[in-house]
Amino acid sequence: MSVTIPPGGSAIGSALLALGDRWTLLILQRAFVLHTRRFSDWRAQLGVSDSTLAARLRDLVAAELLVRAPYDDNGRTREEYLLTPRALELYSLFLVIWGWEQASMPGAKDAPHLIHDKCGQSILPHLGCGVCGTAPVTARETTAERAEHAEFAKISVPRLHRRAQETGTPTDAISYFPQTMGILGDRWSTAILAASFIGIRRFNAFKSELGIAPSILSDRLRRFVGVGVLHAPNDAGEYRLTAKGMGFFPTFALIVDWAQRWYAAAPSRELTIRHTACGAPLHPVLFCSLCGELLERTTVHFEFSPTTTQRV
Ligand SMILES: [Zn+2]
Ligand SMILES: [Zn+2]
């Protein structure tokens, strides 16, 4: 049951399909934070079943996010999985998801610190405009323009992919909170979140935009209202993002940018997020909240408190 990207399909839809799954996010997160690259290590860290892990690794290879590489294990050749260049860029996505948790659920015990090696401080990643250098840039300081006929959210594979019913995703300090996984960890939820950022508000508009079954849509909207990402519908029947929901803008902006660079069949944008202040299409980059320097994958690391139950 691998996820195949239909030729000529939506780049953003393809990216949402590739990423919108809780196990996929956890597998990639472990690869970034703990440098996990072997089947047995993911299994031990995540407590995931062999069949689920094998299926997700296959999907990640098919989506060109992981690549198999042989290694020598005491004279026996085995395979491990390395992040591809396309996947390495997602480091910034994992930083902003972590940043959203810090902002939305402060006081999370044992949360790891993000250390910026250049200034040596415990920092937050600020999404900024790579053209004019302004940071932070929030949703309110941008506009989103959709190309005609762009149907990014009409993701065409959901029937092949049941919502993950597995419970028991790990809850150690480096795992995302269950609430985060409930928002980003399934394909419909990420698509609904993306649709909210381009101004979709009403039940029927979500339904036709996403091609989603009404019962699934009701369930997801209820959940989003429950966790405080969307306001309960107003008198006009509109579901609007709350401040907490708006906090996902960096996640949305990075996925849109990444998708259109790596999954687009043609050099045309389905969606252009524009930085209002400078007028340029937003090239999202991350800046250090304290020293203001550009953050790069190689100049940040997570530091765990001594009490952290980190299973390495
Ligand atoms: Zn700008
Ligand atoms: Zn810094």
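From the backbone N, Cα and C atoms, a Cβ is placed for every residue, glycine too.
TrEMBL entries are annotated by machine, without manual review.
Note that the structure is predicted; figures quoted are calculated from it, not measured.
According to TrEMBL, the domain 'HTH hxlR-type' annotation covers 5-109, 169-267.
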Do you know the DSSP helix, strand and coil residue counts for the domain 'HTH hxlR-type' (5-109)? 60 helix, 17 strand, 28 coil
Looking only at the domain 'HTH hxlR-type' (169-267), report the model's average pLDDT. 88
Grouping DSSP H, G, I as helix and E, B as strand, the residues of the domain 'HTH hxlR-type' (169-267) number 57 helix, 5 strand, 37 coil
